[in-house]
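Engineer: Annotation source TrEMBL lists region 'Disordered' at 40-67. Taken from TrEMBL, the feature compositional bias 'Low complexity' covers 43-52. For 54-65, the entry in TrEMBL reads compositional bias 'Basic residues'. Residues or ranges marked as transmembrane segment by TrEMBL: 71-97, 117-139, 168-188, 395-414, 426-444, 464-487. Taken from TrEMBL, the feature domain 'Acyltransferase 3' applies to 71-483.
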Amino acid sequence: MESRIDKRDLLLPPEPQSVYDTAVLCGRYIKNRAVSVSKSLASPRRSPSPSRAGHGHAAPHKPSRGHSATAYLSGVRGVAAVIVFLFHSTWALTAAVDDGYGLWNANHHVLQLPLLRLVHAGHAMVGIFFLIGGYVNAVKPLQLMRERRHAELVPAVASSLLRRGIRLYMPALVAMLATALLTYAGAFEPARRNMDTLKDLFYWPDFHPGRKETLAATLRDWQQQVLQLMNPWQQPFWSHLDPHLWTVTLEFRASLVVSLSLSAVACCRVGSRLAILTLLTLFSLRCDRWEIALFLTGAVLAELDLMRKDAAKATASLPAARDMVDLDVEAKRDAAPPPRPPAEHRVLRSLGIMLIALTGMYLMSFPPSHAEETQGFMLIYKWLVPSWTNDPKRYVLGPGAVLFMIAVSSSATLQRPFLTTTAQYLGTVSYALYIVHGPVLHSVGYVVTPMVLAVTGLETDREWAMGMVLSTVINFAVALGVADVFYRFVDVGSVRMATAFQRMCFQSGY
């Protein structure tokens, strides 16, 4: 890889209480957290119930030997959170994550190829988060509607609404406060010095927290950033304390729209309910509110999922109904199980699901930049991207996420990787990992990566890639350790606080 950076320039002389101390602390921290994370990985976990989750990220839940029917969603969230980390850690140093393979007769990195580029497709993972968010917000109210348990519907929706703001915002605000205080203490200065002196090394390191002169100014700045982040009516807000939290505001707003929409269709027939939710989704797209459209699509997928499960239960009960008319007890006992579909039908179904999954994954490989000039995506850009949008990639990545989730929800084989112990653990800490990965990269990552590249070199693509892989492993270990601590002390606490707030506000009997 060509570069004007002298390898020796990456090894900046350590200042007191800066680079050297940061590296030592990182090493100690990784060592201390390894045991805790290993224990967490070893303990089986199940997905949170839809009523507990309430948003696109994992909610705290207790270990369980089995898996719920929607446990795979937690695993999908976990994998998506890891991909977001890989995206931001790579995007900071190279434009390869933005451009498609072969663009301008250049860009021939293997990880720019469709499907393979999913390992760093962070923008596509936002669509996954929002789809799952709509699903988990809607599935319990929809189940109550289908069972006509309307007396329980209002408390369920009210409980979710009361808890959601605390559940979403409290972890984000705590992380922003910690970032502000650590910035004031100088923890982000070694990385800032690297960004200032090694400009040719970095591509898009994103907004770096600004250091204030006094503690009072630091707290005032945090307060202003919090007020803007908590405003659900404005367009995305990228805080300089952590620009990656822009999705939290959109998620909160979209969840409010889903709750309002479900309240409107609570007494509707299933067909009418699906039609109205679909029309609202299309209307949101025309208004260029792609995040709301994804949440509403998640609600539609939840309804379709419930319909499919009810149909499966009805089919399974048919043999029993026929047995009731049998007068011969032995014949009833020996009644054959319902016949399996013919082998060719099963094969065709599996091939169809695989085709849907691959199509979705291909669409999620849509390059964020210059896709209209990239071979393999020109027609997709022309067909799917509307003229009114300011963010073209969302109108391709979104449908890709929808197709992928439809395929995964329909196939036990595709769900299996997301039900592993590792995936379930990552799902448990996914929200914490999403929140802390930005500050970790800006405080530790931008110090560790230049150090590693100074050792591996960056004169060739192989040296650069080796350094990137090694530094990413180190940075991810730190981020996962911090996320594990953050989950246990902040994420779980936000759930308890939200539940306590709900109990304090609700009348007795609810």
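Cβ atoms here come from the backbone N, Cα and C positions, even for glycine.
Keep in mind that TrEMBL annotations are predicted by a computer and have not been checked by a curator.
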Engineer: Do the transmembrane segment (117-139) and the transmembrane segment (395-414) come close, with at least three CB pairs under 8 A (pairs 6 or more apart in sequence)?
Structural biologist: yes
Engineer: Using a Cβ cut-off of under 8 Å, list the residues of the same chain at least 6 residues beyond the transmembrane segment (426-444) that approach it.
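Structural biologist: Counting only partners 6 or more residues beyond its ends, the transmembrane segment (426-444) has Cβ contacts under 8 Å with 22, 26, 40, 45, 47, 55, 57-61, 73-82, 84-85, 88-89, 92, 171-172, 175, 178-179, 182, 187-188, 191, 205-206, 208-209, 242-245, 418, 475, 478-480, 482-484, 486-487, 490-491.
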Engineer: Grab the same-chain neighbours of the transmembrane segment (71-97) for me: Cβ-Cβ under 8 Å, and only residues 6 or more beyond its ends, written as numbers and ranges.
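Structural biologist: Same-chain residues near the transmembrane segment (71-97) but 6 or more away: 45-48, 56-58, 107, 109, 111-112, 117-123, 125-126, 128-129, 132, 135-136, 201-206, 244, 368-369, 405, 408-409, 415, 417-420, 423-431, 433-434, 437-438, 441, 445-446, 449, 468, 471-472, 475-476, 479.
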Engineer: Which residues of the chain, 6 or more past the ends of the transmembrane segment (395-414), have a CB below 8 A from one of its CBs?
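Structural biologist: Contacts with the transmembrane segment (395-414): 72, 76, 121, 123-124, 126-128, 131-132, 285, 290, 293-294, 297, 301, 305, 350, 353-354, 356-357, 359-366, 371, 377, 380-381, 384-386, 389.
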